[in-house]
Amino acid sequence: MTDSWERGKGRRTQPPWSAPNTQAQPGLRLYNSLTRSKELFVPQDGNKVTWYCCGPTVYDASHMGHARSYISFDILRRVLRDYFKYDVFYCMNITDIDDKIIKRARQRHLFQQYRERNPRPSDLLQDVSAALTPFLQRISEANDPDKRQMLERIHGSVSAALLPLQDAVSSNARAEELERLSQELMEAAVDLLSDWLDEKHGAQITDNSIFSQLPKHWESEYHRDMEALNVLPPDVLTRVSEYVPEIVAFVQRIVDNGYGYVSNGSVYFSTAKFHASEKHYYAKLVPEAVGDQKALQEGEGDLSISADRLSEKQSPNDFALWKASKPGEPSWESPWGKGRPGWHIECSAMAGSILGESMDIHGGGFDLRFPHHDNELAQSEAYFDNDHWVRYFLHTGHLTIAGCKMSKSLKNFITIKDALQKNTARQLRLAFLMHAWKDTLDYSSNTMESAVQYEKFMNEFFLNVKDLLRAPTDVTGQFVKWEVPELELNSCFYSKKAAVHEALCDNIDTRTVMEEMRSLVSQCNSYIASRKAAKQPPNRLLLRSVSSYLTAMLKVFGAIEGEEVIGFPIGGSDNSMNLESTVMPYLQVLSQFREGVRQIARQHKVTEVLQLSDLLRDDVLPELGVRLEDHEGLPTVVKLVDRETLLKEKEEKRKAEEEKQRKKEEAARKKQQQEAAKLEKMKVSPSQMFQLETDKYSQFDESGFPTHDTEGKELSKGQSKKLRKLYEAQEKLHKEYLQMAQNGTTG
C-alpha cells in the first residue's frame, strides 16, 4: 500500500470537478404594445437603454391621470437603473405649442381684458345673454353624457347668478349690491364668456408672448408636482417651442421622401402612400382603429377640424405635420409659409434629435396609442426610412376615481396637489406599486387605505428591528449560534428574494413584489415573537440583513429617499440617520430614568408620579416625534416616528376611546330603556293585558282571558294554548312586580 502511494507521487493530479447543476436565470421581459405580449428585453447598445417618454401638454393643473403615468414610469426607470443596473438615458418632452394651449391662452387673455374693463351691470347682462345662445347650442349638440352634464351644470350656475342681477338692475339697487352681484355673475359665467369672447375677438390677437405665458406657468407647476411626488427629472427635457427649426427640417425630409404633401400652406402625412410601401406598416399599435374619425380628429386638435381644414386632406386618415396658422394663432416661418407644428410631429422630431433613428423604449399613457403614437411611428419611420424606430412600446394603464372615469363633469377631477393634501407622496407611490403598471388603477379611499396600512406595517417592523439593534452588546456578542428558527427564517429570506427577482423579471410585477415583501415581514414578526416568548433574543444580524434588503428594495422603487440604512426616513429628511444617531442615546437615558421612577412610584403607590410618567409618554414626547412603548417585564421600546404620524395615531386613539365610550353609554341607555319597558310591562295585570287588545278579541272570561275574536268566533284550542302561555308568563312578571313594590325596589 505504501509502495503504491510512493510510486504515484509524481503522477498525482486533481480529480475531475463536480460542477453544480445550474438553472437558467430568468431574463427581464416587458409587455410590448407592438406585439401585445411580454418580450425578452434586449437593449440595442450593450447596457445602455435609450428611453423617450411623452410629457404633458401644459395648459392646466397636473392631475392624478398624469400621476398614473409619471409615477409608474419613474418606478420602471428606477428598477431598470438601480435593480437591473442598466445605464438608462431618459428623455421627455414638454408640449408647449398645441391647440388646447392656444385656445386657453386666448380665452384667459380676453376674459382678463373684459374683467379689467369692468362692464356696467346692464352691459354684463346683455353680454351674458348673448353668450348663452351659442352655449345652449353646444349643450344640445353634446353627445358625451358627462360633457353634457358639465355644460348643464354651468348653465344652472349662470342662471342662478343671472336672475338676482336682473332684479337688482330693475329695482335700481345700490351700487355696492350691483357690484357684488356683477362679480358673482362674472365668476359663474367665466367659461361661456371666455368662449364667446374668443369667438368674437380671438382672431385679433397677434402677440405671440400671450401663447408662451400660459405654458410657462403650468410647466413650472408640473415640475413642482413631480418633485413633490419624488419623480426623477429626465436626463433631457425638450420643449416644442425650442425645436421648431428641427421640426421644419423633419417635415421637409418626410415630404422629400414622398410621404408628405403640401395643401393650402399646411403639410399632411399620406397614410396611404406610407402603408403602400413594402417596408412600412401604418398603425402598428392599434391597426383596428384605422379610419376612426373621432379619434383622428381629437388628435388633430380643436382648432384644426373645421370643414376647410378637413377638405385640405387627400384622405380623412391623413394627419397634419405642419399647420398653416390662422389669425389669432402663433406662427413660425417655414418653406410653406407661416405656421406651427402638428401635435404628432413634435415628439418625432424631438425624440429623433436626441435619440437618433431608433430607441429602446418609448412610453406613454394607454389612451395615446392611437392616433398619437401610431402617427409618431409612421412619421419617424418615414423620416429614417426604417421599420424599427421603437423597439419596446410601454403604455401605462388608465386611472379611475372610485370606479368612474375622472371627469370635471362628475366632480371627481383630482389634481396632484389635491391628492397630496390627503396622502403623502410615499403613500401614493405605494398604492401604485401595489398595482400592475399596465392595468387600470382605481384611485379610491380603499386603495389609499391599503397603501397607508402597508406603510404602517412595514414601518413598525423597521422600528422594531432598530430597537433590537440598539440593545447593548460587545463585538463578539452579536454573533450567536443559529438554531432551527434562524435557519428557517434565513431559508424563507432567500426564497422571498428569489421570488422578488422572478417577479421583477416578469414585466416588473411590483404587485407581486410587494406581497412577497409583506410575507417576509410577517415571517420575521412571527420569529421575533417566538424568540421573545422563549425568553431568547432574536438574531440581530439576520434581522438586520432582512430589513436592509427591504429598505434597499423600497429605495429602488423610490419609496425611500436619502441614505437610510433601515426603514423610512424620519420626517422625510435626508439627515434622518444623523438625527437618529444623535438623539437616540439621550432618549434611551430618558427612557431608563423614567422606567426607574415608575418602579419606585409603584412600590410606594405614588399615583401622581405614574400619571406624570404616562403624560410624558402619551402627550409630551409624541409632539417631538418620539414613541415610547411599555411592555410588562421588558425594557421600554423607544421609536423615532414622524411627529405627524404620532399625532394622527393619538387622534385616532382619542376617537376610538370616544367611540368606545359612546357605545358604552348607548348600551347603558338601551339597557335602561329595556329595563324601563320591562317594568312597564310588569305593571300590567294578566287580567288586563288582553282586554287592552280590542282589535283582536271581543269576549273574555272572569280572569280577563280572551275567549272570542273580533268577529265573535270562539278561539281554537291551539290559539287558546298559545295565549295561555303568554298569560301565565305575564302572571309571573306581575307577581314579581308586586313583590318589588312591596320591598320598595321598583325605582
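From the backbone N, Cα and C atoms, a Cβ is placed for every residue, glycine too.
According to Swiss-Prot, the feature motif ''HIGH' region' maps to residues 56-66, out of the candidate ranges 56-66, 166-176, 232-242, 727-737.
The candidate list Gly55, Gly328, Gly337 contains one residue that Swiss-Prot assigns to the L-cysteine site with Thr95, His372, namely Gly55. Cross-referencing Cys54, Cys91 against the Zn(2+) binding annotation in Swiss-Prot, which names Cys347, His372, Glu376, picks out Cys54. Range 100-103 is the one annotated as motif ''KIIK' region', of 68-71, 100-103, 288-291, 644-647 (source: Swiss-Prot). The list of residues near the motif ''HIGH' region' (56-66) in space but at least 6 beyond its ends in sequence, with Cβ under 8 angstroms from a Cβ of it, reads 94-96, 98, 100-101, 104-105, 214-215, 218-219, 221-222, 225-226, 365, 399, 401, 406, 413-417, 419, 443. Sequence-distant contacts of the motif ''KIIK' region' (100-103) (same chain, at least 6 residues past either end, Cβ-Cβ under 8 Å): 57-59, 198, 202, 211, 214-215, 301-303, 329-330. The Zn(2+) site, placed at the center of the C-beta atoms of Cys54, Cys347, His372, Glu376, has further neighbours from the same chain whose C-beta lies within 8 angstroms: Trp343, His344, Glu346, Ser348, His362, Gly364, Leu368, His373, Asn375.
Other residues of the same chain near the L-cysteine site, with their Cβ within 8 Å of the Cβ centroid of Gly55, Thr95, His372, are Cys54, Pro56, Thr57, Asn93, Trp343, Glu346, Cys347, Gly364, Leu368.
On the 0 to 100 pLDDT scale, the motif ''HIGH' region' (56-66) averages 95 in this prediction. Remark: secondary structure over the motif ''HIGH' region' (56-66) totals 3 helix, 2 strand, 6 coil, with classes taken from DSSP.
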